[in-house]
Structure formats: structure tokens, C-alpha cells
């Protein structure tokens with residue numbers, strides 16, 4: 001979808017044409033402020049549909065949201081001379097959100113997502129509204145959008161109404177750090193508000209673009225988190241002297257799950273060159289030395305490792321495949337008409353359906369939330385194994401750099417990870433099944449998709465903390481064992497940490513140490529030091 005890669009000093013350009021939009025395109029617009037350009041051929045289609053609908057509305061054809069009221073008020077017929085009042089009243093009355101405001105990057109994700117839906121040319125909105133929305137996006141004029149208020153069917157009515165208010169010079173916007181009235185900013189920028197005609201207001205609000213935009217951002221951030229978790233697992237296996245045998249590609253080829261095989265192969269690459277891991281043959285020799293006797297006797301080593309080491313592919317593999325499935329669903333929604341009704345060639349062929357229903361994105365977000373939670377579950381248990389002196393006897397208890405007992409090391413830091421892992425279990429509870437009827441029983445089953453997508457962002461923040469504590473423990477262990485003993489693919493990030501964050505001693509505040517580690521591994525500088533593993537956009 002990205003139509004032109006930037007040269008030095010050039011802008012990133014994303015072409016909006018109603019198809020081909022990816023989660024990465026959304027992130028480019030939302031997070032790197034890429035410029036959007038609306039496809040002129042598609043805008044011509046938008047205008048043809050608008051002209052068609054203008055004639056039908058003026059003739060009084062029965063079309064929902066054109067010559068009728070909204071929701072349960074569909075029984076009320078609306079005369080043509082109320083065309084603008086009907087649409088603007090809809091925006092003002094449904095801009096009823098509450099709670100904290102979405103950050104600008106989430107608002108930008110919603111804007112580009114809604115543009116890609118409406119530019120397909122079946123919604124009846126005019127090209128003037130789309131051009132103005134694109135101008136607001138490109139000029140960094142961001143509507144204030146509260147996070148609460150969407151039921152996810154009929155779409156994200158409340159947040160999208162707030163998103164649309166500036167188009168009619170209503171509501172407030174953020175420009176830089178300032179919050180101002182939309183009318184003032186439009187006038188200052190020389191931008192004309194639009195006059196909404198038949199169905200234009202409904203087209204702006206009746207869709208899934210808030211939940212879909214937020215979910216797209218979550219998936220991009222989840223990919224980065226997954227790469228960090230994969231690195232942390234490889235570092236952990238080395239810290240505790242794990243076996244490499246459990247990642248043999250011959251064994252994983254028999255399981256038939258692509259994600260599992262990908263994770264096993266990635267772990268194998270990450271462990272290559274380590275002086276801390278052990279080959280399975282070495283362990284077999286130790287165990288075999290006690291075999292063949294007449295008495296039952298304990299071996300000198302475990303033939304196979306605990307699940308936190310041995311089952312990393314079987315745990316993170318399903319996470320990877322789940323994220324791939326979620327990406328496919330979200331990208332399909334990104335490029336869908338999720339409006340109602342949809343306009344075709346004649347009044348009789350207008351499609352009155354329910355494309356605004358967000359169940360696909362709601363369930364994708366719920367699946368993602370379970371997967372994110374599982375990353376945290378694994379990392380928290382890996383952390384426990386590193387810190388527990390009964391499980392990892394080659395390291396000081398809780399990795400204390402000093403006399404054990406007098407110094408507690410990372411004992412307190414473990415509580416942070418464990419408490420968040422427990423909190424995540426509540427956030428992972430699905431939202432897509434928690435329907436509450438509303439709107440006079442018209443909206444009698446809803447998706448709660450935006451709630452699920454918002455939880456994805458919270459879970460990503462939470463799990464980043466858990467994994468960062470595990471990384472901090474591996475960094476602390478490396479100061480004891482020596483960074484040079486780790487594999488080259490893992491050593492790079494450990495060396496970066498060693499240069500920026502000294503090992504923790506009890507004279508310092510633990511939260512400062514953890515924050516420094518977290519900031520280092522989440523920064524762009526660390527990105528190239530993590531395994532390069534993409535989330536394919538399908539579930540096969």
C-alpha cells in the first residue's frame with residue numbers, strides 16, 4: 001500500500017484507495033505522520049454515488065438514514081428539506097463519549113481507517129468531506145475523541161461522531177499541545193467546513209473504524225513485543241544452562257504448526273554460538289553414566305528441561321499463529337465497506353444490512369488479548385526460574401550482587417511481574433461475548449469491539465513490563481556469568497544494556513533500574529538487535 005518510500009528529507013506517502021491498506025500503513029500514518037493521498041479515481045466514484053443518492057433523497061425514496069430517522073427511530077419518515085439537519089443532529093447527539101481521550105496516534109489511525117472505508121464509494125458521502133478529513137490528518141489537526149461510549153454495533157458511533165465533528169466546525173481539536181475550538185482552527189487554516197447532505201453524517205459514524213484502527217496499532221506493537229519475548233526466552237535458556245535438543249527442527253516438523261516451527265528455528269538461531277547451553281548428547285552421557293545398575297539411583301542431571309525452557313515453541317508458536325490470524329481479520333476489515341446502508345445502482349438495490357457490526361474485530365482483539373497474556377504468563381514463570389535459588393543453583397539467590405540476605409537483589413522486582421501477570425488475567429476475559437441490548441432493542445446484540453481493542457493496548461503495556469523484568473534479570477545474570485559467554489545473536493542487546501544500565505545493587509532504587517532496562521529495550525536503538533520475525537497476514 002505504501003506508494004513511495006522516502007528519500008532523505010522526503011515525506012512518507014500512503015495512497016488511500018479502498019484496498020491494500022495494511023496494519024503497517026496505518027502505523028506509518030498514525031505514528032510516523034506519513035502523508036495520506038486520496039486516490040482521484042476513487043474520489044470520482046465517491047462523487048457519482050453521492051449524486052445518485054442526492055436524486056433519490058430528493059425524490060423521497062425510502063432509504064435508511066436518508067429519508068428515515070436513526071436506530072429504533074427508523075419508523076419516522078423525514079422530509080427531504082431536513083437533509084442537513086438530520087445528519088448534523090446525528091453527529092452532535094452521538095458525540096456522547098466519556099473517559100480519557102485517545103492519544104493522537106490512535107485518532108490518526110481511526111481517521112485513515114475511516115477514509116479507506118469511505119473512499120470505496122458505496123457510502124453516499126461527498127468527496128469534499130473526505131478531502132477535508134485528509135487535510136486535517138495531514139496537517140496534524142486531531143479531533144478530541146473520548147475512549148468510552150462505543151458498543152461496537154452500530155459501529156463505533158460515539159468515537160466516530162467525535163472524530164467527525166470538526167468537519168462541520170463543531171467540537172474541539174488538538175494541534176500540537178494546544179486544545180482549541182474546531183471552528184477557530186479551520187478558519188485559521190483556510191479550510192471550509194462541509195455541508196452534510198443525505199446520509200453523509202451516517203456514513204461518517206456508522207462503521208468499525210475506531211476499533212479497527214486501534215486494533216491495527218495494537219497488532220504492530222504486539223509484533224515488537226513478541227520479538228522481545230523471543231529474545232528474552234533465548235537469553236533465559238542460556239542463563240539457566242538449558243538444553244538445545246528441544247528445538248531440533250526434525251521434531252518440530254512433525255507437529256504441523258507453522259508458528260511452532262518458526263519459533264523453534266528462531267530459538268535455534270538465537271542460541272547458536274552460546275557457551276552456556278548444553279547439547280542433548282552431553283546430558284544423555286551424564287544420565288547414562290548411572291544407567292545399567294541393579295538399583296534405583298538418581299541421575300546426575302535431568303534428561304529434559306522444565307516447560308519454561310523446553311516448551312517455548314509450543315507456547316509462543318500458538319501466540320504467533322494467533323497474531324497472524326488476527327492480522328488477517330483486521331486487514332480484511334481495514335479494506336471493507338463497514339457502513340450501512342450501502343449504495344448501488346438503483347434505490348431498489350440499496351443494501352440494508354449490518355456491516356457496521358464489529359464482531360470480527362472484537363473477536364480478533366479478544367484472541368490477541370489471550371495471546372498477549374500468554375506471553376506474560378511464560379515470561380513471569382521464566383523469571384521465577386532465574387531468581388529461585390532452588391531451581392537455578394548456579395546463580396546467587398535472586399541475582400543479588402552482594403552478600404545474600406543482606407542484599408535482596410531482584411526479589412522485589414519479581415513482585416512487579418507477578419502482580420501484572422495476575423492483573424492481565426482479568427484483562428484477557430473476552431469482551432465480544434458481553435453483549436448488552438440497547439437502542440430500544442434495535443441494537444439487541446452488540447460486539448463491544450472497541451473495548452476489546454482498548455484492552456489490547458493496555459495488555460501490550462503490561463506485558464512489556466513483565467518481559468522487561470525478565471530481560472533485567474538476564475542482564476543481571478550476564479554481569480555475573482560474563483556477557484561474552486552468551487550467543488552472538490543475544491549478546492548484542494546484553495552489550496547495549498551493559499553500556500547503558502549498570503547491574504543492580506541494593507544501594508539503588510529497584511524501580512529506577514527496571515525503568516532504565518525497559519526504556520533501553522523498547523527504544524528504536526534496540527530494534528535491530530531483536531530477532532527479525534514478521535507476523536504473516538494469514539492463518540494457514
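In case you wondered, yes, glycine gets a Cβ from its N, Cα and C as well.
Feature list (source: TrEMBL):
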ACT_SITE  64  active site, proton donor/acceptor
BINDING   94, 206, 310  substrate binding site
MOD_RES   154  2,3-didehydroalanine (Ser)
Distance, residue 154 (2,3-didehydroalanine (Ser)) to residue 310 (substrate binding site) (CA atoms, angstrom): 46
Rounded Cα separation (Å) that holds between the residue listed as 'active site, proton donor/acceptor' and residue 94 (substrate binding site): 17
Pairwise Cα distance for residue 94 (substrate binding site)/residue 154 (2,3-didehydroalanine (Ser)) [Å, integer]: 12
Distance, the residue listed as '2,3-didehydroalanine (Ser)' to residue 206 (substrate binding site) (CA atoms, angstrom): 6
Site of maximum Cβ density within 10 Å, from binding-site residues 94, 310: 94
Set of same-chain residues at least 6 away whose C-beta sits under 8 angstroms from residue 154 (2,3-didehydroalanine (Ser)): 71, 206, 340, 356, 357, 439, 443
Neighbour tally for residue 206 (substrate binding site), based on other Cβ positions within 10 Å of its Cβ: 28
DSSP state at residue 310 (substrate binding site), helix/strand/coil: helix
